[in-house]
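Visitor: Let me give you the structure first, and then I'll get to my questions.
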Amino acid sequence: MEKLLDIRNLRTYFYTEDGVVPAVDGVSFYIKPGETLGVVGESGCGKSVTSISTLRLVPNPPGKIMEGSEIIFEGTDLLKLSEAEMRKIRGNKISMIFQEPMTSLNPVFRIGDQIAEVLLLHQGLNKAEAREKAIEMLKLVGIPRPEKVVDDYPHSLSGGMRQRVMIAMALACNPRLLIADEPTTALDVTVQAQILDLMNDLKKKVNAAVMLITHNLGVVAESCDRVVVMYAGKVVEEGDVYSIFEDPKHPYTVGLLKSMPSAVGGQDKLDSIPGVVPNPLNLPKGCRFAPRCNKAMDICREKQPGLTVLGEERTVRCFLYNREDGVK
Amino acid sequence: MLKYTLKRILQAIPLLIIISILTYLIINLAPGDPTAFFINPEKASRLGPDYVANIKHHLGLDQPLHIRYFKWLGNVLRGDFGESFFEQRSVMSILWEALPNTIILSLVAELIALIVAIPAGIICALKRNSIWDYIFSTISFIGMSLPTFWFGLMLILVFSLKLGWLPTAGMRDNFDAFVFTDRLRHIILPAIVLGMGGMAANMRYMRGAMLEVIRQDYIRTARSKGLSEKVVIVKHALRNALIPIVTMFGFSIPALFSGAAITETIFAWPGVGRIAIEAVFSNDYPLVMGNFMIIAVMTVVGSLVADLLYAVVDPRIKYE
């Protein structure tokens, strides 16, 4: 099957006063048309930076997408496009929703105008048509009384409603790819499921692929077809959602799954992965997970593991599965 | 909003009365005696104390302070601010004549301040820590620190005396007709001097507000929609960053009137500020009171305008 988005060896570094932070360090993965890919990892593992790199919205300075990275979308490398060409893709073919619905809408513009803005820009509609379409989108995302809300300001809506508005805005131009960066993290638990259902529902309607960035494995199980697990700027495991949950390979993935609360298991105490994500300014010499890994061997502290292909669409970056293929 | 405005105006009445009592007290406690000006020493020695008492009575100064105050207040409530001791004219007519001149000067000063401050502040924020940021920031610190009288005199020295480009003082050369270029040439220097402080402050506010706004999530959202950087900055960022500036504008109204006193004196600008200074120095009580009450009203109105403007520019603010 053809790939919609193919990220190859993406490296996004931040040049800070304290040194170079390799937030994303050689990440490769792809998304097929219409599928939902979960990108999972702890805070600071580089998943958000990967998402904003895809839209080329990394603040520069201090951030920089390094030479040799490729982000191929529908056959074109986005990193080779001019800024003007890139703008035609943002909000149109690739759109994005963010973690913070409370602050992601501009407080001084009416909701309808904010949705209409993308339609005026990308679809060449006139003002009246854009307004009609904005109302239609609000109806689609399940906002009650859309004819009234269209003239409201963001502050009069709740977080869940604002995230619905963000989704309406993101889907207004029928994008091929929707990047959702922790779309439910800031919401009440009761609202989270609604928003996820809405996203899953609408992505089918407009036939968009979704890059779902989350640290919540429950969300992944609910929505994703395939999963990419990231740790300290690298992909450590990749596979379809079933095999990741049933048969996790990387000790980090195993740890993540163990630390997930389960409604049925009746555990007394949750497992947790000891330690914290390494300081990106001072990464371990070998495998970046080695200091926290309960299966770490001598080689793990010396050399960085390469990617081992375990099967179709199934890879892992760990010496447990391939002891020879180390890179310095 | 109307109800809120009316409430604020009603609240302002006791405030203004308290201000008037304090001002009245302070002026009358200030050293100096206006009657001295009217006493002819020769007559005084010839006619004795009756003569001086007569003058005092004529000026209304023979009565106790509180009686004088209430008399003054009673007249003011009937719209009569009394007569100036020295100009022998009604305070109102003196101030009405001078007020337009001050308003013109203040508005031009504020306009210059904003026209410079807003773009400069934006550039500073967008090109943070660049050479432009340092240049504008230095200018703004200098502008805030320069004493008005010194800065005014320096401008006169350079642009009027050395270069001879602009007039040193006054509001016009042609007293027969209104000539725009004549007025413009006269207003440039005083307006720059008067606007300097506001410009410097607004530049800093603008820089700070813009720096704050461009870090916001909704700016990232705007970029992710595919908007050009120009639209992101001018529409999405500026509209938010201007909120504190618009509010500051309301508060700067009274500051412009009181700050005009020194500038108007240096440039012999016939406005209320210069009249205030002259009136204070000559203990012209009715004129000082009229003048100060105008500034007090301006301050109250200015802060009301600031609050109302706040609601206009920020949809999150609503007054019940």
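A Cβ is built for glycine as well, from the same backbone N, Cα and C atoms used for every other residue.
Remember, predicted model here, so these are calculated numbers, not experimental data.
Among the features that TrEMBL reports, transmembrane segment is placed at B:12-30, B:103-126, B:138-166, B:186-205, B:245-269, B:289-313. The domain 'ABC transmembrane type-1' annotation in TrEMBL covers B:99-310.
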Visitor: Near the transmembrane segment (B:289-313), which residues from the same chain, at least 6 beyond its ends, have a CB less than 8 A from one of its CBs?
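Guide: Here the qualifying positions are 1, 5, 8-9, 12, 15-16, 19-20, 23-24, 27, 72, 76, 81-82, 91-92, 94-95, 99, 242-243, 246-254, 257-258, 272, 275-276, 279, 319.
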Visitor: Please indicate, using numbers and ranges, the residues of the same chain that are 6 or more beyond the transmembrane segment (B:103-126) and have a C-beta under 8 Å from a C-beta there.
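Guide: Result: 132-133, 136-137, 139-140, 187, 190-192, 194-196, 198-211, 214, 233, 238, 241-242, 245, 249, 252-253, 256-257, 260, 263-264, 269, 271.
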Visitor: Could you pull out which residues elsewhere in the chain have a CB under 8 Å from any CB of the transmembrane segment (B:138-166), counting only those six or more residues past its ends?
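Guide: Those are 120, 185-186, 188-190, 192-194, 196-197, 199-201, 203-204, 259, 262-263, 266-267, in sequence order.
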Visitor: Which sequence positions outside the transmembrane segment (B:12-30), separated from its termini by at least 6 residues, show Cβ-Cβ distances below 8 Å to it?
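Guide: For the transmembrane segment (B:12-30), the sequence-distant neighbours (Cβ-Cβ under 8 Å, at least 6 residues beyond its ends) are 65, 68-69, 72-73, 76, 280, 283, 285, 288-289, 292-293, 296-297, 300, 304.
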